[in-house]
Amino acid sequence: MARLIRRYSDGTRINHWMVALLFLCAGLTGLAIFHPVFWFFTALFGGGTWTKILHPFFGLLMVLGFVFLFFQVWRDNLWQPRDSEWMRRSPRLLRGDEDAMPPIGKYNAGQKGVFWLFAVCLLVLFVTGFVFWQPYFANAFPILLRRIAVLLHAIAAFLLILGVIIHVYAAIWVKGSVRAMTRGWVTPAWARRHHPLWYRQVNGDQ
Amino acid sequence: MSSLQSLDIAARSATTTATPQARHTPEVAKLIDVSSCIGCKACQVACMQWNDLRDEVGVNVGYLDNPPDLTPKSWTVMQFHEVEMKQPDQSTRLEWLIRKDGCMHCADPGCLKACPSPGAIVRYSNGIVDFISENCIGCGNCVTGCPFDIPRLSRTDNKAYKCSLCSDRVAVNLEPACAKACPTGAIRFGTKEDMLEFGAERVAELKQRGFVQPAIYNPEGVGGTHVMYVLQHGDQPEIVGLPAHPTISPLVGLWKGLAKPLAAVAMVGAVLAGFFHYMKVGPLEVEEDEEDESREDRRKRENQSMEVK
(Lines of atoms letter the chains of each structure in order from A and count residues from 1; the text may use other names and numbers.)
(Lines give C-alpha, C1' and ligand atoms only; values in the text may rest on other atoms or scores of the structure.)
Protein backbone atom coordinates (compact mmCIF):
# COMPACT_ATOMS: atom_id res chain seq x y z
CA MET A 1 0.00 0.00 0.00
CA ALA A 2 1.36 3.34 -1.01
CA ARG A 3 2.10 5.95 1.62
CA LEU A 4 -1.05 7.91 2.35
CA ILE A 5 -1.17 11.69 2.12
CA ARG A 6 -3.01 13.76 4.72
CA ARG A 7 -5.47 16.10 3.05
CA TYR A 8 -7.67 17.29 5.92
CA SER A 9 -6.94 17.49 9.63
CA ASP A 10 -9.37 16.08 12.21
CA GLY A 11 -10.48 19.59 13.11
CA THR A 12 -11.21 20.59 9.53
CA ARG A 13 -13.17 17.42 8.92
CA ILE A 14 -15.30 17.77 12.03
CA ASN A 15 -15.87 21.43 11.17
CA HIS A 16 -16.82 20.49 7.60
CA TRP A 17 -19.34 17.86 8.68
CA MET A 18 -20.91 20.12 11.29
CA VAL A 19 -21.45 22.73 8.59
CA ALA A 20 -22.77 20.02 6.26
CA LEU A 21 -25.29 18.73 8.82
CA LEU A 22 -26.44 22.23 9.67
CA PHE A 23 -26.75 22.97 5.96
CA LEU A 24 -28.98 19.93 5.64
CA CYS A 25 -31.18 21.13 8.50
CA ALA A 26 -31.28 24.76 7.38
CA GLY A 27 -31.78 23.71 3.76
CA LEU A 28 -34.64 21.32 4.44
CA THR A 29 -36.43 23.71 6.80
CA GLY A 30 -35.87 26.55 4.34
CA LEU A 31 -37.13 24.57 1.35
CA ALA A 32 -40.19 23.51 3.35
CA ILE A 33 -41.25 27.13 3.74
CA PHE A 34 -40.11 28.12 0.25
CA HIS A 35 -42.35 25.96 -1.94
CA PRO A 36 -45.33 23.77 -1.00
CA VAL A 37 -43.83 20.77 -2.84
CA PHE A 38 -41.18 20.70 -0.09
CA TRP A 39 -43.65 21.26 2.77
CA PHE A 40 -43.42 17.59 3.78
CA PHE A 41 -39.93 18.30 5.18
CA THR A 42 -41.70 20.01 8.10
CA ALA A 43 -42.58 16.50 9.30
CA LEU A 44 -38.87 15.96 10.07
CA PHE A 45 -38.74 18.97 12.35
CA GLY A 46 -41.92 18.71 14.40
CA GLY A 47 -44.38 20.53 12.15
CA GLY A 48 -44.63 23.90 10.45
CA THR A 49 -44.25 26.08 13.50
CA TRP A 50 -41.17 24.28 14.77
CA THR A 51 -39.70 24.34 11.27
CA LYS A 52 -40.11 28.11 11.20
CA ILE A 53 -38.67 28.51 14.71
CA LEU A 54 -35.65 26.27 14.07
CA HIS A 55 -34.70 27.44 10.58
CA PRO A 56 -32.96 30.70 11.53
CA PHE A 57 -31.03 29.01 14.35
CA PHE A 58 -29.81 26.26 12.01
CA GLY A 59 -28.80 28.96 9.55
CA LEU A 60 -26.99 31.01 12.14
CA LEU A 61 -25.02 28.00 13.42
CA MET A 62 -24.15 26.97 9.88
CA VAL A 63 -22.76 30.43 9.12
CA LEU A 64 -20.80 30.36 12.37
CA GLY A 65 -19.34 26.95 11.48
CA PHE A 66 -18.47 28.13 8.00
CA VAL A 67 -16.54 31.09 9.38
CA PHE A 68 -14.06 28.68 11.02
CA LEU A 69 -13.88 26.56 7.87
CA PHE A 70 -13.40 29.68 5.80
CA PHE A 71 -10.29 30.74 7.70
CA GLN A 72 -8.81 27.26 7.38
CA VAL A 73 -9.03 27.04 3.61
CA TRP A 74 -9.40 30.52 2.08
CA ARG A 75 -5.70 30.93 1.25
CA ASP A 76 -5.71 27.75 -0.85
CA ASN A 77 -8.76 29.08 -2.68
CA LEU A 78 -7.26 32.32 -3.97
CA TRP A 79 -7.74 32.61 -7.71
CA GLN A 80 -4.68 32.17 -9.90
CA PRO A 81 -4.11 32.63 -13.64
CA ARG A 82 -4.06 28.89 -14.25
CA ASP A 83 -7.53 28.65 -12.72
CA SER A 84 -8.96 30.68 -15.59
CA GLU A 85 -7.32 28.28 -18.04
CA TRP A 86 -8.77 25.34 -16.09
CA MET A 87 -12.22 26.93 -16.27
CA ARG A 88 -11.90 27.35 -20.04
CA ARG A 89 -11.10 23.68 -20.43
CA SER A 90 -13.64 22.43 -17.87
CA PRO A 91 -16.19 21.22 -20.49
CA ARG A 92 -13.63 18.60 -21.53
CA LEU A 93 -13.32 17.45 -17.93
CA LEU A 94 -17.10 17.05 -17.81
CA ARG A 95 -16.77 14.67 -20.76
CA GLY A 96 -14.36 12.64 -18.63
CA ASP A 97 -11.10 13.80 -20.22
CA GLU A 98 -8.96 14.73 -17.21
CA ASP A 99 -5.74 14.62 -19.22
CA ALA A 100 -6.84 17.78 -21.02
CA MET A 101 -6.66 19.77 -17.79
CA PRO A 102 -3.75 21.98 -16.72
CA PRO A 103 -1.96 20.86 -13.51
CA ILE A 104 -3.48 22.32 -10.37
CA GLY A 105 -2.69 22.76 -6.70
CA LYS A 106 -4.71 21.77 -3.65
CA TYR A 107 -7.99 22.98 -5.20
CA ASN A 108 -9.10 23.25 -8.80
CA ALA A 109 -10.98 26.23 -10.20
CA GLY A 110 -14.32 24.48 -9.81
CA GLN A 111 -13.69 23.87 -6.12
CA LYS A 112 -12.52 27.46 -5.69
CA GLY A 113 -15.63 28.75 -7.46
CA VAL A 114 -17.88 26.68 -5.23
CA PHE A 115 -16.00 27.86 -2.13
CA TRP A 116 -16.42 31.55 -2.96
CA LEU A 117 -20.03 30.97 -3.98
CA PHE A 118 -20.63 29.46 -0.53
CA ALA A 119 -18.92 32.38 1.18
CA VAL A 120 -20.90 35.05 -0.68
CA CYS A 121 -24.25 33.23 -0.42
CA LEU A 122 -23.85 32.59 3.31
CA LEU A 123 -22.98 36.23 3.89
CA VAL A 124 -26.12 37.34 2.02
CA LEU A 125 -28.24 34.74 3.84
CA PHE A 126 -26.82 35.84 7.19
CA VAL A 127 -27.44 39.55 6.65
CA THR A 128 -30.88 39.26 5.01
CA GLY A 129 -32.08 36.60 7.45
CA PHE A 130 -32.08 39.05 10.33
CA VAL A 131 -34.23 41.52 8.38
CA PHE A 132 -37.32 39.26 8.48
CA TRP A 133 -36.54 37.06 11.48
CA GLN A 134 -39.79 36.96 13.43
CA PRO A 135 -40.37 37.71 16.20
CA TYR A 136 -36.96 39.07 17.20
CA PHE A 137 -35.67 41.45 14.53
CA ALA A 138 -38.19 41.86 11.70
CA ASN A 139 -40.23 44.60 13.32
CA ALA A 140 -37.16 46.85 13.42
CA PHE A 141 -37.10 47.02 9.62
CA PRO A 142 -39.49 48.71 7.19
CA ILE A 143 -41.66 46.39 5.10
CA LEU A 144 -39.98 47.36 1.81
CA LEU A 145 -36.61 46.30 3.19
CA ARG A 146 -38.13 43.02 4.37
CA ARG A 147 -39.49 42.40 0.87
CA ILE A 148 -36.03 42.97 -0.64
CA ALA A 149 -34.47 40.77 2.04
CA VAL A 150 -36.78 37.77 1.55
CA LEU A 151 -36.16 37.84 -2.20
CA LEU A 152 -32.36 38.09 -1.81
CA HIS A 153 -32.50 35.39 0.87
CA ALA A 154 -34.35 33.06 -1.50
CA ILE A 155 -31.96 33.78 -4.39
CA ALA A 156 -28.86 33.27 -2.23
CA ALA A 157 -30.30 30.05 -0.79
CA PHE A 158 -31.09 28.79 -4.27
CA LEU A 159 -27.52 29.47 -5.47
CA LEU A 160 -26.10 27.91 -2.30
CA ILE A 161 -28.15 24.75 -2.78
CA LEU A 162 -27.11 24.53 -6.45
CA GLY A 163 -23.50 24.96 -5.32
CA VAL A 164 -23.90 22.19 -2.75
CA ILE A 165 -25.45 19.87 -5.35
CA ILE A 166 -22.40 20.47 -7.58
CA HIS A 167 -20.06 20.08 -4.58
CA VAL A 168 -21.63 16.78 -3.49
CA TYR A 169 -21.80 15.44 -7.02
CA ALA A 170 -18.16 16.29 -7.71
CA ALA A 171 -17.17 14.47 -4.52
CA ILE A 172 -19.06 11.36 -5.60
CA TRP A 173 -17.81 11.69 -9.18
CA VAL A 174 -14.11 11.97 -8.35
CA LYS A 175 -13.47 8.69 -6.55
CA GLY A 176 -11.41 9.07 -3.39
CA SER A 177 -12.67 12.57 -2.57
CA VAL A 178 -15.28 11.48 -0.06
CA ARG A 179 -12.64 9.44 1.76
CA ALA A 180 -10.48 12.56 1.92
CA MET A 181 -13.22 14.31 3.88
CA THR A 182 -14.32 11.32 5.97
CA ARG A 183 -10.94 9.79 6.86
CA GLY A 184 -8.63 12.70 6.08
CA TRP A 185 -6.21 10.99 3.68
CA VAL A 186 -5.78 10.34 -0.03
CA THR A 187 -3.48 8.00 -1.95
CA PRO A 188 -0.41 9.48 -3.66
CA ALA A 189 -1.84 8.37 -7.00
CA TRP A 190 -5.05 10.27 -6.27
CA ALA A 191 -3.12 13.39 -5.42
CA ARG A 192 -0.84 13.05 -8.45
CA ARG A 193 -3.75 12.47 -10.76
CA HIS A 194 -6.13 15.21 -9.57
CA HIS A 195 -3.87 17.74 -7.86
CA PRO A 196 -0.33 17.29 -9.28
CA LEU A 197 1.06 20.61 -8.05
CA TRP A 198 -0.22 19.94 -4.55
CA TYR A 199 1.25 16.43 -4.73
CA ARG A 200 4.64 17.85 -5.58
CA GLN A 201 4.29 20.46 -2.87
CA VAL A 202 3.53 17.95 -0.10
CA ASN A 203 6.36 15.74 -1.30
CA GLY A 204 8.71 18.69 -1.28
CA ASP A 205 10.28 17.97 -4.64
CA GLN A 206 9.27 20.85 -6.86
CA MET B 1 -63.17 30.56 11.74
CA SER B 2 -61.46 27.30 11.86
CA SER B 3 -60.52 24.58 9.44
CA LEU B 4 -61.53 24.02 5.84
CA GLN B 5 -65.01 22.62 6.40
CA SER B 6 -66.91 25.49 4.82
CA LEU B 7 -66.69 23.83 1.38
CA ASP B 8 -66.53 27.16 -0.43
CA ILE B 9 -62.84 27.95 -0.47
CA ALA B 10 -61.71 29.68 -3.65
CA ALA B 11 -58.01 29.87 -2.73
CA ARG B 12 -55.79 28.48 -0.02
CA SER B 13 -52.21 29.46 0.81
CA ALA B 14 -49.26 27.22 -0.17
CA THR B 15 -51.44 24.67 -1.89
CA THR B 16 -50.92 23.23 -5.36
CA THR B 17 -54.09 21.14 -5.57
CA ALA B 18 -57.76 22.13 -5.82
CA THR B 19 -59.50 23.60 -2.78
CA PRO B 20 -62.80 22.30 -1.37
CA GLN B 21 -65.31 24.37 -3.32
CA ALA B 22 -68.44 22.26 -3.73
CA ARG B 23 -70.55 25.14 -2.49
CA HIS B 24 -70.56 28.55 -4.09
CA THR B 25 -71.64 31.73 -2.38
CA PRO B 26 -72.30 35.17 -3.82
CA GLU B 27 -69.56 37.76 -3.40
CA VAL B 28 -70.12 40.01 -0.44
CA ALA B 29 -68.64 43.39 0.38
CA LYS B 30 -68.51 46.01 3.09
CA LEU B 31 -68.91 49.57 1.93
CA ILE B 32 -67.50 52.24 4.23
CA ASP B 33 -68.79 55.69 3.44
CA VAL B 34 -66.11 58.02 4.77
CA SER B 35 -68.36 61.01 4.08
CA SER B 36 -71.00 59.90 6.59
CA CYS B 37 -68.67 58.58 9.31
CA ILE B 38 -68.72 60.56 12.55
CA GLY B 39 -65.77 58.77 14.15
CA CYS B 40 -67.75 57.45 17.11
CA LYS B 41 -65.77 54.19 17.17
CA ALA B 42 -68.88 52.12 17.74
CA CYS B 43 -67.52 49.80 15.02
CA GLN B 44 -64.24 49.45 16.89
CA VAL B 45 -66.07 48.52 20.07
CA ALA B 46 -68.41 46.13 18.26
CA CYS B 47 -65.41 44.39 16.67
CA MET B 48 -63.77 44.05 20.05
CA GLN B 49 -66.92 42.68 21.65
CA TRP B 50 -67.97 40.24 18.95
CA ASN B 51 -64.47 38.82 18.59
CA ASP B 52 -64.00 38.99 22.36
CA LEU B 53 -60.71 40.87 22.14
CA ARG B 54 -59.40 43.21 24.81
CA ASP B 55 -56.37 45.19 23.70
CA GLU B 56 -53.87 46.57 26.17
CA VAL B 57 -54.84 49.92 27.66
CA GLY B 58 -52.51 52.25 25.79
CA VAL B 59 -51.31 55.80 26.20
CA ASN B 60 -53.12 58.69 24.57
CA VAL B 61 -50.78 60.07 21.96
CA GLY B 62 -52.44 63.45 21.70
CA TYR B 63 -55.11 62.87 19.09
CA LEU B 64 -58.22 60.77 18.66
CA ASP B 65 -56.60 57.75 16.99
CA ASN B 66 -56.65 55.22 19.76
CA PRO B 67 -54.93 52.83 19.61
CA PRO B 68 -52.69 54.66 17.13
CA ASP B 69 -52.44 51.66 14.80
CA LEU B 70 -53.81 48.19 14.15
CA THR B 71 -52.61 45.53 16.60
CA PRO B 72 -53.07 41.76 16.93
CA LYS B 73 -56.03 42.58 19.20
CA SER B 74 -57.39 45.65 17.41
CA TRP B 75 -58.47 44.44 14.01
CA THR B 76 -60.07 47.73 13.06
CA VAL B 77 -59.02 51.22 14.08
CA MET B 78 -60.40 54.65 13.25
CA GLN B 79 -57.92 56.96 11.56
CA PHE B 80 -58.56 60.69 11.87
CA HIS B 81 -57.09 62.77 9.07
CA GLU B 82 -57.08 66.57 9.30
CA VAL B 83 -56.55 67.77 5.76
CA GLU B 84 -56.21 71.27 4.31
CA MET B 85 -58.07 70.97 1.01
CA LYS B 86 -57.45 73.53 -1.74
CA GLN B 87 -60.63 75.26 -2.91
CA PRO B 88 -61.27 76.45 -6.49
CA ASP B 89 -60.50 80.05 -5.33
CA GLN B 90 -57.06 78.89 -4.05
CA SER B 91 -58.06 79.29 -0.41
CA THR B 92 -57.89 76.22 1.83
CA ARG B 93 -60.53 74.58 3.92
CA LEU B 94 -59.99 72.19 6.81
CA GLU B 95 -61.59 68.81 6.29
CA TRP B 96 -61.81 66.15 8.91
CA LEU B 97 -61.70 62.81 7.11
CA ILE B 98 -62.28 59.75 9.24
CA ARG B 99 -61.48 56.33 7.89
CA LYS B 100 -61.99 52.96 9.46
CA ASP B 101 -58.77 51.03 8.82
CA GLY B 102 -58.69 47.24 8.55
CA CYS B 103 -58.30 44.37 6.13
CA MET B 104 -59.44 45.10 2.57
CA HIS B 105 -60.17 41.44 1.69
CA CYS B 106 -58.49 41.61 -1.71
CA ALA B 107 -59.60 39.41 -4.58
CA ASP B 108 -55.88 38.79 -5.14
CA PRO B 109 -54.52 38.84 -1.57
CA GLY B 110 -50.78 39.52 -1.15
CA CYS B 111 -50.85 37.83 2.27
CA LEU B 112 -52.20 34.60 0.80
CA LYS B 113 -49.63 34.69 -1.98
CA ALA B 114 -46.72 35.17 0.44
CA CYS B 115 -47.90 32.65 3.06
CA PRO B 116 -45.82 29.43 3.06
CA SER B 117 -48.12 27.36 5.28
CA PRO B 118 -50.80 25.26 3.56
CA GLY B 119 -54.26 26.51 4.48
CA ALA B 120 -53.12 29.18 6.94
CA ILE B 121 -54.78 31.82 4.77
CA VAL B 122 -57.91 31.10 2.76
CA ARG B 123 -60.13 33.11 0.48
CA TYR B 124 -63.74 31.97 0.54
CA SER B 125 -65.82 32.14 -2.61
CA ASN B 126 -67.77 35.03 -1.05
CA GLY B 127 -64.54 37.07 -1.12
CA ILE B 128 -63.64 36.99 2.57
CA VAL B 129 -59.92 36.43 3.25
CA ASP B 130 -59.46 34.60 6.52
CA PHE B 131 -56.49 33.57 8.66
CA ILE B 132 -56.76 30.01 9.99
CA SER B 133 -54.66 30.37 13.13
CA GLU B 134 -54.17 26.65 13.72
CA ASN B 135 -52.11 26.54 10.49
CA CYS B 136 -50.22 29.79 11.05
CA ILE B 137 -46.49 29.24 11.69
CA GLY B 138 -45.68 32.83 12.69
CA CYS B 139 -43.24 33.63 9.88
CA GLY B 140 -44.64 37.09 9.15
CA ASN B 141 -44.66 36.60 5.38
CA CYS B 142 -48.26 37.85 5.25
CA VAL B 143 -47.01 41.19 6.57
CA THR B 144 -44.42 41.26 3.79
CA GLY B 145 -47.01 40.39 1.17
CA CYS B 146 -49.83 42.79 2.12
CA PRO B 147 -50.01 45.98 0.03
CA PHE B 148 -52.08 47.69 2.77
CA ASP B 149 -49.93 46.90 5.85
CA ILE B 150 -52.76 45.14 7.67
CA PRO B 151 -51.72 41.85 9.34
CA ARG B 152 -50.12 42.05 12.77
CA LEU B 153 -48.07 39.28 14.33
CA SER B 154 -48.82 38.72 18.01
CA ARG B 155 -45.90 38.86 20.40
CA THR B 156 -47.57 36.43 22.77
CA ASP B 157 -48.45 33.53 20.46
CA ASN B 158 -46.62 34.40 17.20
CA LYS B 159 -49.79 34.10 15.15
CA ALA B 160 -50.88 36.72 12.64
CA TYR B 161 -54.22 38.45 13.12
CA LYS B 162 -56.46 40.77 11.14
CA CYS B 163 -60.11 41.54 10.42
CA SER B 164 -61.99 38.39 9.39
CA LEU B 165 -64.92 40.41 8.02
CA CYS B 166 -66.76 38.48 10.74
CA SER B 167 -66.62 35.37 8.55
CA ASP B 168 -68.32 33.47 11.39
CA ARG B 169 -71.26 35.89 11.38
CA VAL B 170 -71.45 36.10 7.59
CA ALA B 171 -71.50 32.28 7.38
CA VAL B 172 -74.83 32.34 9.23
CA ASN B 173 -76.26 35.27 7.29
CA LEU B 174 -75.48 38.01 9.78
CA GLU B 175 -73.73 41.23 8.84
CA PRO B 176 -70.29 42.01 10.33
CA ALA B 177 -70.39 43.40 13.87
CA CYS B 178 -69.03 46.80 12.78
CA ALA B 179 -71.78 47.24 10.18
CA LYS B 180 -74.40 46.18 12.73
CA ALA B 181 -73.21 48.76 15.25
CA CYS B 182 -72.68 51.76 12.96
CA PRO B 183 -75.21 54.45 14.01
CA THR B 184 -74.99 56.58 10.85
CA GLY B 185 -75.19 53.85 8.22
CA ALA B 186 -71.67 54.67 7.10
CA ILE B 187 -70.86 50.95 7.11
CA ARG B 188 -73.02 48.84 4.86
CA PHE B 189 -72.83 45.18 4.08
CA GLY B 190 -74.34 43.12 1.28
CA THR B 191 -73.50 41.55 -2.03
CA LYS B 192 -70.62 43.23 -3.80
CA GLU B 193 -72.95 44.10 -6.66
CA ASP B 194 -75.42 45.86 -4.36
CA MET B 195 -72.62 47.70 -2.57
CA LEU B 196 -71.19 48.99 -5.85
CA GLU B 197 -74.64 50.15 -6.86
CA PHE B 198 -75.30 51.86 -3.53
CA GLY B 199 -71.80 53.39 -3.62
CA ALA B 200 -72.46 54.82 -7.07
CA GLU B 201 -75.56 56.55 -5.68
CA ARG B 202 -73.53 58.01 -2.83
CA VAL B 203 -70.89 59.24 -5.28
CA ALA B 204 -73.61 60.98 -7.31
CA GLU B 205 -74.97 62.63 -4.16
CA LEU B 206 -71.52 63.82 -3.16
CA LYS B 207 -71.04 65.33 -6.61
CA GLN B 208 -74.29 67.23 -6.15
CA ARG B 209 -73.00 68.48 -2.82
CA GLY B 210 -70.04 70.03 -4.61
CA PHE B 211 -67.25 67.47 -4.31
CA VAL B 212 -65.25 67.42 -7.53
CA GLN B 213 -64.07 63.82 -7.72
CA PRO B 214 -65.79 61.53 -5.26
CA ALA B 215 -65.29 57.85 -6.04
CA ILE B 216 -65.59 54.29 -4.85
CA TYR B 217 -62.26 52.84 -3.72
CA ASN B 218 -62.16 49.30 -5.13
CA PRO B 219 -58.61 49.12 -6.48
CA GLU B 220 -58.05 47.08 -9.63
CA GLY B 221 -54.40 46.35 -8.79
CA VAL B 222 -55.44 43.71 -6.25
CA GLY B 223 -58.37 42.50 -8.35
CA GLY B 224 -60.83 44.67 -6.43
CA THR B 225 -61.54 44.42 -2.72
CA HIS B 226 -64.37 43.20 -0.53
CA VAL B 227 -64.05 46.18 1.75
CA MET B 228 -64.69 49.31 -0.30
CA TYR B 229 -64.79 52.99 0.56
CA VAL B 230 -66.77 55.94 -0.66
CA LEU B 231 -64.20 58.73 -0.69
CA GLN B 232 -65.08 62.42 -1.03
CA HIS B 233 -61.74 62.94 -2.76
CA GLY B 234 -61.54 59.77 -4.80
CA ASP B 235 -58.66 61.13 -6.86
CA GLN B 236 -56.39 61.34 -3.80
CA PRO B 237 -56.91 58.30 -1.58
CA GLU B 238 -53.49 58.98 -0.01
CA ILE B 239 -54.94 61.79 2.11
CA VAL B 240 -56.85 59.17 4.12
CA GLY B 241 -53.89 56.80 4.20
CA LEU B 242 -54.88 54.53 1.30
CA PRO B 243 -52.40 53.67 -1.46
CA ALA B 244 -53.43 55.16 -4.82
CA HIS B 245 -52.54 52.07 -6.84
CA PRO B 246 -52.09 49.12 -4.48
CA THR B 247 -50.64 45.96 -6.02
CA ILE B 248 -48.72 43.01 -4.70
CA SER B 249 -45.13 44.30 -4.64
CA PRO B 250 -43.17 43.14 -7.71
CA LEU B 251 -40.53 41.89 -5.26
CA VAL B 252 -43.11 39.63 -3.61
CA GLY B 253 -44.52 38.74 -7.03
CA LEU B 254 -41.11 37.61 -8.25
CA TRP B 255 -40.34 35.74 -5.04
CA LYS B 256 -43.64 33.87 -4.80
CA GLY B 257 -44.53 33.91 -8.48
CA LEU B 258 -41.81 33.04 -10.94
CA ALA B 259 -38.86 32.28 -8.64
CA LYS B 260 -40.63 29.62 -6.59
CA PRO B 261 -41.42 27.06 -9.35
CA LEU B 262 -38.31 27.90 -11.40
CA ALA B 263 -35.99 27.38 -8.46
CA ALA B 264 -37.68 24.13 -7.47
CA VAL B 265 -37.36 22.78 -11.02
CA ALA B 266 -33.73 23.94 -11.26
CA MET B 267 -32.73 22.30 -7.95
CA VAL B 268 -34.41 19.00 -8.71
CA GLY B 269 -33.04 19.28 -12.27
CA ALA B 270 -29.49 19.74 -10.98
CA VAL B 271 -29.73 16.54 -8.95
CA LEU B 272 -31.07 14.64 -11.96
CA ALA B 273 -28.40 16.13 -14.23
CA GLY B 274 -25.72 14.86 -11.83
CA PHE B 275 -27.30 11.42 -11.71
CA PHE B 276 -27.41 11.08 -15.49
CA HIS B 277 -23.95 12.58 -15.94
CA TYR B 278 -22.62 9.82 -13.72
CA MET B 279 -24.49 7.21 -15.75
CA LYS B 280 -23.13 8.60 -19.02
CA VAL B 281 -19.56 9.66 -18.20
CA GLY B 282 -18.87 7.55 -15.15
CA PRO B 283 -16.60 8.45 -12.25
CA LEU B 284 -13.08 9.84 -12.43
CA GLU B 285 -11.06 7.00 -11.01
CA VAL B 286 -7.37 6.51 -10.39
CA GLU B 287 -6.32 3.39 -12.27
CA GLU B 288 -4.58 0.52 -10.52
CA ASP B 289 -1.40 1.03 -12.54
CA GLU B 290 -1.34 4.67 -11.53
CA GLU B 291 -1.11 3.57 -7.92
CA ASP B 292 1.79 1.34 -8.93
CA GLU B 293 3.34 4.12 -10.91
CA SER B 294 3.27 6.47 -7.99
CA ARG B 295 4.77 3.79 -5.81
CA GLU B 296 7.48 3.50 -8.43
CA ASP B 297 7.91 7.26 -8.32
CA ARG B 298 8.29 7.21 -4.60
CA ARG B 299 10.86 4.49 -4.74
CA LYS B 300 12.83 6.51 -7.27
CA ARG B 301 12.60 9.59 -5.13
CA GLU B 302 13.66 7.73 -2.02
CA ASN B 303 16.60 6.29 -3.90
CA GLN B 304 17.53 9.75 -5.08
CA SER B 305 17.42 11.16 -1.57
CA MET B 306 19.54 8.22 -0.39
CA GLU B 307 22.05 9.06 -3.07
CA VAL B 308 22.09 12.68 -1.96
CA LYS B 309 22.81 11.57 1.55
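Glycine is treated like the rest: Cβ placed from N, Cα and C.
If you look up TrEMBL, you'll see B:28-56, B:94-126, B:127-156 marked as domain '4Fe-4S ferredoxin-type'. The feature [4Fe-4S] cluster 1 binding site is assigned by TrEMBL to B:Cys37, B:Cys40, B:Cys43, B:Cys182. Among the features that TrEMBL reports, [4Fe-4S] cluster 2 binding site is placed at B:Cys47, B:Cys163, B:Cys166, B:Cys178. The feature [4Fe-4S] cluster 3 binding site is assigned by TrEMBL to B:Cys103, B:Cys106, B:Cys111, B:Cys146.
The two recorded residues, B:Cys163 ([4Fe-4S] cluster 2 binding site) and B:Cys103 ([4Fe-4S] cluster 3 binding site), show a Cα separation of 5 Å. Cβ atoms under 8 Å from those of the domain '4Fe-4S ferredoxin-type' (B:127-156) belong to residues 1-4, 27-29, 70-73, 102-107, 109-121, 162-165, 167, 170, 192, 221-222, 226, 242-243, 246-249, 252, 256 of the same chain, restricted to positions at least 6 beyond its ends.
For B:Cys182 ([4Fe-4S] cluster 1 binding site), the nearest neighbour among the binding-site residues B:Cys47, B:Cys103, B:Cys111, B:Cys146, B:Cys166, judged by Cα separation, is B:Cys47. Put simply, B:Cys43 is the one of the binding-site residues B:Cys37, B:Cys40, B:Cys43, B:Cys111, B:Cys146 whose Cα lies nearest to the Cα of B:Cys178 ([4Fe-4S] cluster 2 binding site).
Distant neighbours of the domain '4Fe-4S ferredoxin-type' (B:94-126): 4, 6, 8-15, 19, 21, 23-28, 30, 32, 34, 37-39, 43-44, 70, 75-85, 132, 135-137, 139, 141-148, 150-151, 160, 162-165, 167, 170, 178, 187, 222-227, 229, 232-233, 239-242, 246, 248-249, 252-253, 255-257; these residues of the same chain sit at least 6 beyond its ends, with a Cβ under 8 Å from one of its Cβ atoms.
Classification of B:Cys106 ([4Fe-4S] cluster 3 binding site) by DSSP places it within a strand.
Take the CB of B:Cys40 ([4Fe-4S] cluster 1 binding site) and look out to 10 A: across all protein chains shown you find 15 other CB atoms. Each of the binding-site residues B:Cys146, B:Cys163, B:Cys182 was scored by the other Cβ atoms within 10 Å of its Cβ; the lowest score goes to B:Cys182. Of all the binding-site residues listed here (B:Cys37, B:Cys43), the one with the fewest other CB atoms within 10 A of its own CB is B:Cys37. Distance between Cα atoms for B:Cys103 ([4Fe-4S] cluster 3 binding site) and B:Cys166 ([4Fe-4S] cluster 2 binding site): 11 Å, as a whole number.
In this structure, B:Cys111 ([4Fe-4S] cluster 3 binding site) is part of a helix by DSSP. Listed binding-site residues: B:Cys103, B:Cys166; maximum Cβ neighbour count within 10 Å falls on B:Cys103. The two recorded residues B:Cys43 ([4Fe-4S] cluster 1 binding site) and B:Cys111 ([4Fe-4S] cluster 3 binding site) have their Cα atoms spaced 24 Å from each other. Across the domain '4Fe-4S ferredoxin-type' (B:28-56), the prediction's mean pLDDT works out to 96. Under the DSSP three-state reduction, B:Cys47 ([4Fe-4S] cluster 2 binding site) is assigned to helix. The domain '4Fe-4S ferredoxin-type' (B:127-156): residue composition by secondary structure is 8 helix, 5 strand, 17 coil, according to DSSP.
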